[in-house]
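Student: The active site annotation in TrEMBL covers Arg307. Residues annotated as Zn(2+) binding site in TrEMBL: Gln123, His125, Glu150, His288. What TrEMBL lists as coiled coil is 220-256. Summarising the annotation, TrEMBL assigns domain 'Phosphomannose isomerase type I catalytic' to 23-164. Sequence annotations record features per position, and here TrEMBL assigns domain 'Phosphomannose isomerase type I helical insertion' to 183-269.
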Amino acid sequence: MEVMTAARAVEKEIEIPQSRLLQMLRCTVQNYDWGGIGENSEVAKVSSLNSKVEIEVDKNYAELWMGTHDSGPSFIVDSDNLTLKSWITENPSVLGDKVLEKWGTDLPFLFKVLSVAKALSIQAHPDKESAVKLHKSLPNLYKDDNHKPEMALALTEFEALCGFVSLEEIKGVIQSVPEIVELVGNVEEDQLLHVSEQDGEEKVKFVMQTIFTHLMSACKESVSKMVSKLKSRLIEAQKERQLSDKEQLVLRLETEYPGDIGVLSAFFLNYVKLNPGEALYLGANEPHAYIHGECVECMATSDNVVRAGLTSKLRDVPTLCSMLTYKQGYPDILQGVPVNQYITRYMPPFDEFEVDRCNLPEGEFTEFPAFLGPSLFVVTRGAAKIQVVSADHREEKEVTRGDVFFVAAHAGIIITTTNMEGTGGLQLFRAGVNSRFLSEL
């Protein structure tokens, strides 16, 4: 991994002026209706401190965006509304040569804090090739031509649906959820029950795509009727037995999205529960939906979403069903890899980003090395003194909860906690370009 300690950075000739090493940022909050309300939202608390704006008790706070995306730009603090994107365009050397060469004068990642109080839509993000085609044919709906791999790192217990369950589990669903069979028909049921892994990956995918497409394409009236029947059956069943986790989940989803096809299609997807400090990454063309909890999220800089359930927004069922991989099995859960005793790194298989989590007790210090690419930091707990170290400059800055800051390529960071009684030390997160990409020759 090609990183430098802050001490070694001093020995390296850097061409970034000292005033361009670190920039404090004021970031954009998104108030989608699935967000946590008022003080119940971590986004509300962090964004209020970041922007110095009071929390509105009845308002939804869903996402805090940190980066250069036009739909939610970050601004340089103490500037006249200068965006981070504009500032980087004026100072491209802050990205480092390798990042600049591949992605131009823009951050290739978008960093977020999310507060999920109500399930997000069942959705997928297109791969790069599909994104180009969708943007060209439907630019008003798919507003850019980039792919959108992403990763969620749990701050609290975090629930999500992600990827298709195994073939055997889906067969179990067909045999135990009659409402689905009523929608898809006996022919599709028979096909699914008689296919096996020995028939080959393409055959299994064909059968899976056929039945899932049929389900997602069912008419609204039929779906509403079947969801109502499912709800009544499960309410009766729980008088005699303990419902499964998935059955309890679909009853929750029904209260949030009555009569929605997403309630039924949830049976096809893995129900994932992350503990704090665990991460889930989502590749292109994989179905998923965040259900509940607080997380830090990072993704490629894009806003391309293809939706098909659990939403009042526009649905594009044909596109979603045609683009999915139909890969089955439980998703990989990242536990992170220790960088040192206080920093844990989460490296998904995408060039655009990685995320570091730093938990630093009171009275301790640690160091982020000087990377060959840019970084964004967000402080979610506590306070600290940071020293920014380059070849010819050392600068100190006090940061506290809610602060977000950009650090240029080739600058190292030394962090020392500030004693704040009751905070339990410092917690901050860093997003940067994937170190594997930066270290490639």
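A Cβ is built for glycine as well, from the same backbone N, Cα and C atoms used for every other residue.
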Student: Among Gln123, Glu150, His288, these being the binding-site residues, pick the one whose CA is nearest to that of the residue listed as 'active site'.
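Tutor: For the residue listed as 'active site', the spatially nearest of the binding-site residues is Gln123.
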Student: Would you mind giving the whole-number mean pLDDT across the coiled coil (220-256)?
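Tutor: Averaging the confidence scores along the coiled coil (220-256) gives 97.
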Student: Taking the Cβ of Gln123 (Zn(2+) binding site) as the centre, how many other Cβ atoms fall within a 10 Å radius?
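Tutor: That number is 24.
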Student: Go through His288, Arg307, the listed recorded positions, and name the one with the sparsest Cβ surroundings, counting other Cβ atoms within 10 Å.
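Tutor: Across His288, Arg307, these recorded positions, the one with fewest Cβ atoms within 10 Å is Arg307.
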Student: Looking only at Cβ atoms, how many others are within 10 Å of the one on His125 (Zn(2+) binding site)?
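Tutor: So the Cβ neighbour count for His125 (Zn(2+) binding site) comes to 25.
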Student: Taking the Cβ of Glu150 (Zn(2+) binding site) as the centre, count every other Cβ atom within 10 Å, in any protein chain shown.
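Tutor: That number is 23.
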Student: Across the domain 'Phosphomannose isomerase type I helical insertion' (183-269), what are the DSSP residue counts per state (helix, strand, coil)?
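Tutor: Across the domain 'Phosphomannose isomerase type I helical insertion' (183-269), DSSP assigns the residues as follows: 68 helix, 1 strand, 18 coil.
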Student: Would you list the other residues of this chain near Zn(2+) - those whose C-beta lies within 8 angstroms of the C-beta centroid of Gln123, His125, Glu150, His288 - in sequence order?
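Tutor: The surrounding set, listed in chain order, is Ala124, Lys148, Leu282, Glu286, Pro287, Val305.
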